[in-house]
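Step one of this worksheet: look at the structure below.
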Amino acid sequence: MLRRAVELVWLIPILPFIGAFLVGFGLISFNKKVNQLRKPAALLLISSVGISAVLSFMVLADQIGGAPCSEVLFSWASAGTFNLEMGYRVDPIGATMLALVSTVAILVMVYSDGYMSHDKSYVRFFTYLGLFTSSMLALILSPNLLEIYVFWELVGMCSYLLIGFWYEREDAANAAQKAFVVNRVGDFGFLLGILGLFWATNSFDFQIVATKMAASISDGSIPHWAAIALCLLLFMGPMAKSAQFPLHVWLPDAMEGPTPISALIHAATMVAAGVFLVARLEPLYSQVPDVQIIVAVIGTITCFLGASIALIQMDLKKGLAYSTISQLGYMMLAMGCGAPVAGMFHLITHAFFKAMLFLGSGSVIHAMEEVVGHDPTLAQDMRLMGGLRKTMPITGITFFIGCVAISGIPPLAGFWSKDEILSKAFDSYPLLWGVGLFTAGLTAFYMFRLYFLTFEGEFRGNNIALREKLLIAAGKSFDPIETKEIQSTHESGWQMTLPLVILSVPSVLIGFLGSPWNNRFGMLLYPEEALEAAKTFSWGEFLPLAIASVMISTCGIVIATIAYAYHWIDLGQSVASRLKIINNFLVNKWYLDKINEYIFVNGSRGLAKKILNLDETVLDKAVVETGLTTLDAGKWLSYFETGRPQFYALIIFGGVISLIVIFNRL
């Protein structure tokens with residue numbers, strides 16, 4: 001059994017790839033015919049991911065049962081003493097991620113069957129999903145930095161295709177381009193870091209790189225500043241992929257893609273890749289504490305930034321997007337505190353409840369589109385929602401569970417993982433713990449703000465005047481003739497509600513696997529550290545920090561309830577009128593988009609114009625003048641082409657005499 005699971009692990013990424021390749025090849029070769037086979041194509045891809053999920057859980061069961069880590073390598077290229085190996089590595093952290101990604105992916109695919117059922121590019125969407133899942137699974141299994149970079153780029157390519165899936169929409173096309181460009185910045189640094197580490201260690205293997213770097217740092221063969229630079233270059237990749245400040249700006253715009261892919265990107269694939277890589281590189285980063293401090297500070301800034309901007313969002317999906325940025329900041333804070341178990345545990349718990357929240361938002365948007373139309377300006381605006389719990393009870397209940405989980409209220413999953421991060425931060429950097437604790441209160445507030453605006457109160461979708469106001473504010477035209485006759489929403493079909501119900505189970509229960517007095521998740525990943533932590537566990541240390549976290553989260557929920565459930569205060573209007581500077585700062589997203597636009601976008605365009613001007617005035621002119629000079633020289637020389645032998649003899653004689661005179665002088 002153990003041997004069979006390890007031997008079949010290579011099939012986990014291959015099966016979804018084969019499915020995506022077959023359907024994709026069919027779309028290219030027989031587009032019309034394959035598009036007519038919508039259900040068979042989807043069934044093929046769902047089945048391939050389903051088999052991968054079964055194999056992933058077999059591998060995870062092996063690791064839980066004590067199976068040793070295994071690595072299968074083959075020589076890809078060799079030259080002299082250099083040998084580039086590819087293959088796969090199976091260990092507890094990889095097995096856990098395989099199970100997570102495949103589980104969320106298959107639930108998203110089932111959900112997509114309902115959500116995308118009327119889309120003309122249904123088959124293309126499933127093809128992209130299959131390729132996306134395959135790329136992430138292969139990334140998880142990669143045994144070295146070079147192989148992980150290959151699949152890192154494939155994940156980025158798939159996210160570009162899926163964010164811009166509705167490329168007819170200008171906003172979607174621009175969002176895909178923005179995601180691509182921002183991630184290229186991070187990936188450029190990542191590639192430089194990989195090459196620099198190979199230069200320093202002559203290896204791409206994670207463990208060998210860490211061991212040799214430690215030896216080089218200790219004997220002084222690599223300066224401390226160079227080690228810091230290499231580690232920070234490597235970190236640029238995760239900064240972009242996991243949306244860390246200041247490379248987070250692509251993630252909110254990525255909401256222009258279909259909602260199922262938002263769930264997959266935010267829960268288990270693209271943004272998870274960065275955190276996973278930092279966990280893989282923990283043996284290296286632990287050798288350079290200065291880098292860990294930088295990672296922790298960036299994570300703290302990111303978690304506060306995301307939470308603060310989420311406070312004023314009216315777009316349901318963008319509110320969840322900034323929530324993801326904030327939670328990713330918590331994960332990086334854990335990594336910077338030297339607590340990869342805490343970071344990975346929060347990655348796991350967050351994946352389940354954030355996938356549920358995004359799929360729940362998709363269910364809401366799907367229902368709203370039947371009332372207000374398919375324009376995201378209306379279908380995703382919470383000012384047109386309200387009271388949806390009455391008509392969409394399953395979506396409402398599961399969304400509520402997700403809000404409680406992410407707010408860190410016990411005994412749901414988010415409490416255990418977030419509390420562990422805050423505990424590690426308190427031990428390492430008390431100031432960062434304070435920011436993280438305050439952010440926990442903001443998280444509870446904005447999540448219940450989302451819930452109350454969407455599911456409680458009265459339905460506002462039939463307010464024609466409000467629709468017109470929102471469209472005009474967005475610079476769009478309003479046509480009363482196009483308003484829908486349907487007056488109310490309804491619950492989504494079983495394909496969309498079943499994944500919500502399934503995801504609600506781990507959102508409630510999985511946190512118990514990481515309880516501080518019996519951390520089974522930690523025992524799987526780092527058994528020695530988990531045993532030591534269990535021995536030194538103290539209720540006297542745990543309870544004060546846990547109570548502080550729960551109290552501040554409860555305060556956030558209470559304030560949200562007063563403002564958005566009972567409407568005792570108009571919090572939004574009060575902040576906008578009394579704290580204009582702060583409100584404008586948050587509305588403009590810390591002005592980071594404008595800064596990027598001014599410095600990088602306008603700067604690069606200005607530089608391009610100057611280069612174009614230089615090309616036209618100097619280079620083009622030089623080329624033209626060279627051509628004209630050649631033509632003039634040719635015309636002048638043509639006068640010597642007389643056809644008279646005497647003239648040619650005279651020229652030869654003159655040339656010989658000239659050479660004799662020149663050489664005599666030399």
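Glycine is no exception: its Cβ is also placed from the backbone N, Cα and C atoms.
Because the structure is a prediction, the values reported are computed rather than measured.
As recorded in Swiss-Prot, the features of this protein are as follows:
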TRANSMEM  8-28  transmembrane segment
TRANSMEM  41-61  transmembrane segment
TRANSMEM  90-110  transmembrane segment
TRANSMEM  121-141  transmembrane segment
TRANSMEM  145-165  transmembrane segment
TRANSMEM  190-210  transmembrane segment
TRANSMEM  220-240  transmembrane segment
TRANSMEM  259-279  transmembrane segment
TRANSMEM  293-313  transmembrane segment
TRANSMEM  428-448  transmembrane segment
TRANSMEM  497-517  transmembrane segment
TRANSMEM  542-562  transmembrane segment
Problem - Contact check, the transmembrane segment (428-448) vs the transmembrane segment (497-517), 3+ Cβ pairs under 8 Å, seq sep 6+ - result: no
Practice task
Please figure out which one of 41-61, 145-165, 220-240, 542-562 racks up the most CB pairs under 8 Å against the transmembrane segment (90-110).
Solution key: 41-61
Handout entry: Distant-in-sequence neighbours of the transmembrane segment (497-517), which means Cβ under 8 A and at least six residues beyond its ends
Key = 107-108, 110-111, 345, 348-349, 352-353, 355-356, 359-360, 363, 394-395, 397-398, 401-402, 405, 411-417, 420, 423, 491, 533-534, 537, 542
Problem - Segment proximity, the transmembrane segment (542-562) to the transmembrane segment (259-279), 3 or more C-beta pairs under 8 Å - result: no
Problem - Any contact, the transmembrane segment (8-28) to the transmembrane segment (190-210), with at least 3 Cβ pairs under 8 A - result: no
Exercise for the section: Residue list, the transmembrane segment (190-210) vs rest of chain: Cβ under 8 Å, 6 or more residues beyond ends. Expected result: 84, 143-147, 149, 152, 216, 222, 226, 229-238, 280-281, 283-284, 287
Handout entry: the transmembrane segment (121-141) versus listed stretches 41-61, 220-240, 293-313, 542-562: most Cβ pairs under 8 Å
Key = 41-61
